[in-house]
Amino acid sequence: MDFLNALVMLTNFIIIPATTYGAQLALGALGVTLIYSILRFSNFAHGDTMALGTVVTIGITALFQSWGITLGPLPTALLALPFAIIVTSLVMIGTDQVVYKFYRAKKAAPIVFVMASLGVMFMTNGVIRFLAGVKDINFTDGERFLIQARAFKEWSGLDQPLALRTTQALTVVVAVIVVAWLFWFLNRTRTGKSMRAYSDNEDLALLSGINPNRVVMVTWLIVGILTTTAGVLYGLDKSYSPFTYFQLLLPTFAAAIVGGLGSPLGAIAGGFVVAYSEVVVTYVWRAVAGYVLPDSLQPEGLLQLLSTDYKIAVSFTILVIVLLFKPTGIFKGQSV
Amino acid sequence: MSQSNRVIFYFALVAILFLLEGLTNFWIFTGSWDTSVSILNMALVSAVMALGVNLQWGYAGLFNVGIMGFTALGGLAVVITSMQPVGEAWEAGGARVLAGLLIGALTIGLTIMLRTKLPKGNARAVFTIVVLVGGFFIYRSVFDPGVEAIEAVNPSVAGYLGGLGLPVLLSWPVGGLLAAGAAWIIGKTALGLRSDYLAIATLGIAEIIVAVIKNEGWLSRGAKNVNGLPRPVPNPVDLQADPAFIEAAANFGLGPVEASTLYIKLGYALLFTAVLVIVLILAQLARHSPWGRMMRAIRDNETAARAMGKNVTARHLQIFILGSAICGIAGAMMTTLDGQLVPTTYNPLRFTFLIWVMVIVGGSGNNIGSLLGAFLIWWLYVKVEPMGQWLAQISTAGLDPNNWFAVRMTDAAPHMRLFTMGLILLLVLRFNPRGLVPEK
């Protein structure tokens, strides 16, 4: 019984939140990795693009709600998501035309792109603050729980509750669909193949008649889908605020680099590595130990490795370890 | 215009802006000399930072996005050097905390030693993990009770170890040293890899440094702030009590309160100018030395420089540390000026990004340019908010105040800064990438 209780606790406080967070990070990291392999720079505006997509979704959701359109048990934001994706992708393609295209034509150094993306990041940040202010916004509606804590306790007869929120299940389902679609697109369609060819060897791709402008545009489009979805899922699961989205940048980068920059599979693995490390390291293990360990071995402290204030340090430490020992990441991305 | 004429023109423009600030309250100006000198003081500090960043970016092409972290370390330096030590706190847990930190350092040292001494293989991996995990738990068991004891000592006014009680001016070089130490760790990790990695690593370390200062109450009182830092200039209360000072102030037509704040601010301005001039002279000398030429050679063609036998990574590490140290000094100066350490004020826009805009707008690679950029952009940064309010006023003049656009415009005036600074960076990067005063 104790063991079961411990298992339920682990599921409730570690496996469910970390898997959800990992799926969100994976989607974000996929975007970073795509931009890196096609456009060849680290996009610092990524976190704020996620925020922009979320803000647009929040606006459209509010509009739908005012018209009385909802999705019943599911969040209305899901219905608004496709529209927000279109808006965000258009904004990104527009930004590319106005900002990045110029440097691409000039074949500028990657660091110049990074700098420009920093400028874009702050402008986007200004725009989202203008549109939605700086406060936390919670835009989840519909059924809150799939499994309710109380119902689970009654059903199982255990001391520990288990709750599964709709948004958590939704995150994983949507993420799986998007990732499956992305891999199908990259591996099976002509456009996807030309993107991979362009990423592997730009000159050869150009020689074989691949249109670089088209590749770049499709990339931004896909990145628009990935960032908006990641941002909306994160916002549904937690809540939206410009500052937390800005701070998502570091874990997202860490995830992409851990997996190996330029490797889509790596980005997904990296997302889960970062998310699980963050949750495991900042979790208070005392109660779990209480179930598993014999009385004589009971710990006195909280058994928390790191306070939650240092969450960001976890992704950073992972990043440093990878840079020191394996700069190409787990899946041998492009590096150095 | 020739370059030197252009420099004179721009600096004259800056001077006029600061004079207008003091003289007139028309449009966005306040008409207060006090404000004018306040803006000038921060501009001077920012100029020192801009020189540090220019050293890294302009001389060596290193992209450091963690200036905020180095600045914050400078701020911390002021607290740990100049505040009086809290004896009770030291008795309560000082030894434990020091011992804990020592154990932490030993653990890391031992790990590094193991990794260099033992042959590669499973044994080494196991030893590394055992040492790290074991060391971490010992460290926590020694360190945590000490922290608790310290933070329990008179939490409303102390609750931390205090500083060393040394003169506050000494904290400026200490700030430089702390920043240099952090830069060494980051540089060792991220230099020599792709240029983007340094950017990501510095972004991370800056967030972590600020998180530490925010949360480690025993060290910096965290969110409770440290107030009443010692000043390197006279105290206003003393000045206001001094009859000679009151008389001198009356000769200028100023009241004692007004005169004393202005006098103190001018005192800071003098100190900061002295530091700025020293850093500027050193940076210029370095630039024209063989070392400076080598740096630019590395920046312009790393491969060629490497072929000539230059150790590119080592030189990068060197200049990265130097530049960060200057940012640390500037951070200490800023906290001294504020007279308090408020960890929550450190945000990347103000302390990282703004400095970048200064360097790029002024002219990367050119020290005079960075200086000019610092003055112009800081002035603009302060004035964007009143300009935004003014813009909100005229753009919503005919509208109902409850209209969505009117509400957003009025709310958004403070956020205009983000947008404007981003826009300026993009415009300069695109249309005038060499800046107002280009590198010769």
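Every residue gets a Cβ built from N, Cα and C, even glycine.
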TrEMBL annotation (transmembrane segment) - matching range among A:51-71, A:135-155, A:282-302:
A:51-71
Count the CB pairs under 8 A between the transmembrane segment (A:77-99) and each of A:6-39, A:51-71, A:215-236, then give me the winner.
A:215-236
Which one of these stretches, A:6-39, A:51-71, A:168-186, A:215-236, A:308-325, has the most C-beta pairs shorter than 8 Å to the transmembrane segment (A:111-132)?
A:51-71
Among the ranges A:6-39, A:51-71, A:215-236, the one whose Cβ pairs under 8 Å to the transmembrane segment (A:168-186) are most numerous:
A:6-39
Given a Cβ distance threshold of under 8 angstroms, which distant residues of the chain, six or more beyond its ends, lie next to the transmembrane segment (A:215-236)?
23-25, 27-28, 30-31, 34-35, 38-39, 46, 49-54, 56-58, 75, 77, 81, 84-85, 88-93, 96, 104, 137, 139-140, 167, 170-171, 174-175, 178, 182, 185, 191, 194-195, 198, 205, 245, 248
